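Here's the structure, in structure tokens; my notes come after.
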Amino acid sequence: MSMTTAKTDEVVKETPAPASPPDQRERDRMRRRLARKRGGGWWPYVFLAPWFVGLFGLTIYPMLDSLYLSFTDFDLLTPAEWVGTKNYEHMFAEDPVFWDTVHATLLYVAVSVPLKLALALGVAMLLNRDLKGIGLYRAAFYLPSLLGGAVAVAIVWRQVFGGDGLFNDFLGWFGIKGQDWISSPDTAIYTLILLAVWQFGTPMVIFLAGLKQLPRDVYEAAAIDGAGPATRFFKITLPLLTPIVFFNVVLQIIDAFKTFTPAFVISNGTGGPLNSTMLYSLYLYKKGFTDLEMGYASAMAWVLFLVIAGFTAVNFIASRYWVHYDD
Amino acid sequence: MSAITPTTSPLHKLRSATGARRIFIHTLLIGVAVVMLYPLLWMLSSSLKPDTEIFTHPGLIPSEVRPANYSEGWSGSGNSFSLYITNSLIVTIGAVIGNVISCSLAAYAFARFEFRGKRIWFGLMLGTLMLPTQAVLIPQYTIFYNLTWINTYLPLIVPKFLAVDAFFIFLMVQFIRSIPRELDHAAMVDGANPWQIYWKIILPLMKPALITTTIFTFIWTYDDFLHQLVYLQQNDKFTVPLGLTLFLDQTSGSSYGPMFAMSTLALLPTLICFLIFQKRLVEGLATSGMKG
């Protein structure tokens with residue numbers, strides 16, 4: 001009918017005159033009903049019911065349970081046995097593999113995230129212009145991100161960087177004699193890092209969307225004032241893009257800490273050679289599901305959670321000083 | 001000021017570079033693309049080469065095409081690969097249905113209702129986005145162990161019906177917010193209750209978001225190696241990624257061809273999704289990032 005939109009409601013408020021009294025009452029009733037409906041009653045809880053079950057049953061309760069388990073010896077088959085802080089003491093003071101893991105993981109995060117983001121931003125800037133075949137380029141650069149988590153890709157990677165693999169053939173063109181990059185403890189982690197950098201497509205797409213939104217007139221003004229490419233990049237592009245840089249940094253750091261599949265496949269589940277590819281998640285998996293030391297693995301899980309939360313918090317706090325929001 | 005037309009603006013001159021610069025940029029981009037895609041092409045070509053040739057001839061054209069790699073790989077790891085594909089399909093289809101239903105329900109509630117503690121719940125939802133799955137893996141495992149769900153597909157599917165993938169809730173909230181509220185109000189005036197509004201108005205209108213959710217859920221579940229590794233223990237329950245790892249254990253060294261063949265096949269579903277929905281995937285990603 002004629003009074004079916006919210007806009008009608010507002011019109012009614014300002015011009016009450018023409019409507020006949022019963023019609024008016026009807027509209028008031030309707031508006032109250034609308035307000036009540038938006039206030040929700042029990043409806044929102046109906047829609048949120050599955051999510052609530054998931055939140056409490058599969059997230060909050062497990063978080064608390066894993067905190068409890070981290071203070072126990074637990075092998076799944078016999079009841080958990082309280083051991084106080086033994087797991088944490090063992091982790092920090094006695095378990096050399098844990099420190100190998102920390103070393104490998106921090107190296108992986110610290111090298112792969114900046115390289116990946118730099119490459120993503122660089123390519124995004126190259127693509128941010130009227131270029132023929134831009135869709136094709138964007139697709140080609142994004143494809144590895146979509147495939148990158150697959151076991152199949154990690155299997156291929158293992159062969160690419162093997163002793164007689166593709167990478168050494170490539171080096172051969174330049175007269176460089178390569179080695180087996182996968183089985184050397186000094187280089188194995190870098191093959192994982194390269195695999196991560198190879199997947200720069202996701203942040204690239206996000207950067208590209210951000211670049212498209214930058215105001216053109218600022219660049220026009222800068223160009224008129226004679227600002228060169230470097231000046232424009234550091235004084236305009238980068239500052240305006242900082243919210244997106246920040247978003248990407250947070251996401252990529254979290255992602256990097258969680259990496260599991262390639263480390264598992266490339267080392268065939270061992271984390272070797274010499275624990276050099278024993279990323280944190282892989283060691284957690286081994287402890288929990290191969291050795292059935294689930295108490296210890298829970299302690300590791302909480303440490304990982306706190307480290308990621310810490311990194312994210314530091315990121316958010318630091319962002320006040322370098323992220324530029326224009327509002 | 002604003003009277004500068006695109007054709008005369010200095011910026012335009014900057015952007016539409018000279019021919020030489022254009023060629024340079026294309027060369028650079030093509031170079032990067034070739035380097036990036038070469039490993040995938042090498043995989044494809046190796047899947048057709050005889051084993052002896054894979055590591056001795058790095059070129060892409062095999063001297064002799066050996067399709068037997070595919071038939072050997074298909075049946076080469078104890079079970080037929082068709083079993084792994086079937087199992088992967090069960091898991092991914094279940095996950096897609098679960099995510100589409102549960103996440104759209106939650107998103108509708110967050111986008112359209114005011115209720116007590118909404119900000120806190122919404123914040124918690126965003127918080128779970130950053131929670132590493134490893135942090136809850138062991139307690140979840142004990143829950144499913146006590147339910148005797150280990151070595152079934154339930155631990156991989158049921159959580160999706162409980163909207164644990166907050167990314168998609170967020171994506172859909174953003175989308176629903178862009179649907180005019182007037183439509184809801186009109187239906188309400190006509191006597192529709194919120195369920196009917198969700199079912200008859202919101203859900204049909206958010207089809208693009210549902211398609212994005214479907215594709216990403218499919219790809220991410222298909223590739224979710226960690227959870228499949230943890231929950232599926234017997235060979236006959238194995239999915240494609242688990243089936244592939246069986247090739248790693250064969251140290252005989254004579255099965256590289258079949259391994260590359262099955263790796264190629266394993267990437268095919270994702271590749272097809274990508275080719276069909278490339279634009280939508282990229283756009284879904286970009287908009288979710290923009291509002292972060």
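Each Cβ is built from the backbone N, Cα and C atoms, and glycine gets one as well.
For reference, TrEMBL has these:
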type	residues	note
TRANSMEM	B:23-44	transmembrane segment
TRANSMEM	B:81-108	transmembrane segment
DOMAIN	B:85-277	domain 'ABC transmembrane type-1'
TRANSMEM	B:120-141	transmembrane segment
TRANSMEM	B:153-176	transmembrane segment
TRANSMEM	B:197-222	transmembrane segment
TRANSMEM	B:256-277	transmembrane segment
Selected stretch (most C-beta pairs under 8 A with the transmembrane segment (B:197-222)) from B:23-44, B:81-108, B:120-141, B:256-277: B:81-108
Spatial neighbours of the transmembrane segment (B:23-44) far in sequence, C-beta under 8 Å, 6+ residues away: 17, 58, 60, 260, 263-264, 267
Selected stretch (most C-beta pairs under 8 A with the transmembrane segment (B:81-108)) from B:120-141, B:153-176, B:256-277: B:153-176
